[in-house]
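So the structure is just underneath, and the comments pick up after that.
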Amino acid sequence: MNSSDDVDALLYLSFGGPEGHQEVRPFLENVTRGRNVPPERLDEVAEHYHHFGGVSPLNRLNRDIMSSLEGELAERGLNLPVYFGNRNWHPMVEDTVERMAADGVRRALVFATSAWGGYSGCRQYHEDIARARDAIGQQRAPELVKLRQFYDHPLFVAANADAVTRAYAHLPEDVRTQARLVFTAHSVPLSAEERSGADGRPRWYSRQVHESARLVAEAVGVTGYDVVWQSRSGPASVPWLEPDVCDHLDQLSARSVPAVVTSPVGFVSDHLEVIWDLDNEAAEKAGELGMGFARADTAGTDPRYARMIAELVSEHVENQRVRKLSPLVTAGCTANGQLCVAQGCC
Ligand SMILES: CC1=C(CCC(=O)O)c2cc3nc(cc4[nH]c(cc5[nH]c(cc1n2)c(C)c5CCC(=O)O)c(CCC(=O)O)c4C)C(CCC(=O)O)=C3C
Ligand SMILES: [Fe+2]
């Protein structure tokens with residue numbers, strides 16, 4: 001693709017979330033269909049959504065980001081309409097792609113709201129793209145080109161780094177210099193970790209999370225930090241990435257660490273996992289242990305996030321140079337839901 005004339009639109013593809021009490025159950029059923037999530041876990045997660053009026057913050061955040069993004073694109077002279085579609089809740093990606101076809105879109109870029117490779121962050125979004133195209137038939141379906149992973153994009157790293165710096169400032173001065181920096185990301189089953197990286201490069205997701213953490217810590221000037229996991233589901237008998245953030249707080253407390261700064265680098269917005277599992281559960285746990293606790297903002301709340309998306313678009317339509325900070329390979333960019341197995345991901 002060499003000029004913006006080749007691209008008619010941008011599809012902003014996300015996870016989706018309920019917008020009222022009565023939508024919580026059907027949403028959760030969509031998320032967990034065919035998955036090994038115990039019913040008790042679902043009841044628990046449903047309560048978290050109900051605690052916030054049955055409304056996920058994700059939709060509002062996504063709409064805010066899309067409106068900033070339209071401004072960023074216009075500033076670059078890229079007048080692409082931005083369409084919104086989700087995997088698990090309305091507007092569903094199938095309906096959105098139908099509307100795009102009806103509007104005459106023939107080729108669109110797709111921004112998926114995950115920074116990562118691996119099953120949940122990459123492959124499932126490819127599957128969404130393929131399913132949405134199949135639903136309206138290959139004849140009518142626009143060509144959909146997914147943008148690459150951005151875990152090491154300088155704007156993503158900078159947004160996270162400044163958020164960490166602000167979080168340190170929220171801790172009482174007497175514990176600030178002793179505070180431990182703890183990065184968190186969504187846990188996944190180890191089986192998914194081994195599956196990603198079919199060409200002998202497994203653990204694609206966790207390695208990218210570690211790279212983001214390293215880059216953010218470096219930008220902040222912190223040498224000692226940890227990477228831990230949160231929000232695991234699935235039966236206890238199935239191994240997931242560990243340690244869990246709350247168990248880790250116990251460990252730190254046992255080492256007399258007086259405070260923590262948590263950075264949810266694995267989440268691009270203030271998802272329910274962030275505002276519940278960190279701001280409620282982990283914060284409460286830290287309180288019980290008598291530790292100071294501050295949580296860094298997610299990148300999606302920073303204007304540089306929308307700017308980054310516009311840059312990713314520019315890479316395609318204007319052959320702008322690829323800005324990335326990690327030597328690890330970046331995958332995720334294929335057409336029409338093709339898996340990026342060849343690049344070592346998915
Ligand atoms: C790696 C990863 C990301 C980051 C990459 C990305 O952003 O894509 C992510 C994001 C998100 N996960 C989210 C919500 C949920 N995830 C669930 C379940 C699961 N997530 C998993 C992994 C991930 N998830 C996995 C392995 C499961 C087990 C079931 C399965 O194998 O699929 C469940 C079911 C209940 C439960 O099991 O907890 C819910 C409700 C929301 C929306 C939050 C909101 O509303 O603000 C977002 C952005
Ligand atoms: Fe992939």
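Cβ coordinates are placed from backbone N, Cα and C, and glycine is handled just like the others.
Quick look at what TrEMBL annotates:
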type	residues	note
BINDING	S56, Y125	Fe-coproporphyrin III binding site
BINDING	H186, E273	Fe(2+) binding site
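Same-chain residues at least 6 positions away in sequence with a Cβ under 8 Å from that of Y125 (Fe-coproporphyrin III binding site) are, in sequence order, L13, R87, V110, A112, S114, K146. Long-range neighbours of S56 (Fe-coproporphyrin III binding site) (same chain, six or more residues apart, CB within less than 8 Å of its CB): G17, P18, E19, Y49, H271, L272. There are 24 other Cβ atoms within 10 Å of the Cβ belonging to H186 (Fe(2+) binding site).
Cβ-based neighbour count (10 Å, all protein chains) for E273 (Fe(2+) binding site) stands at 19.
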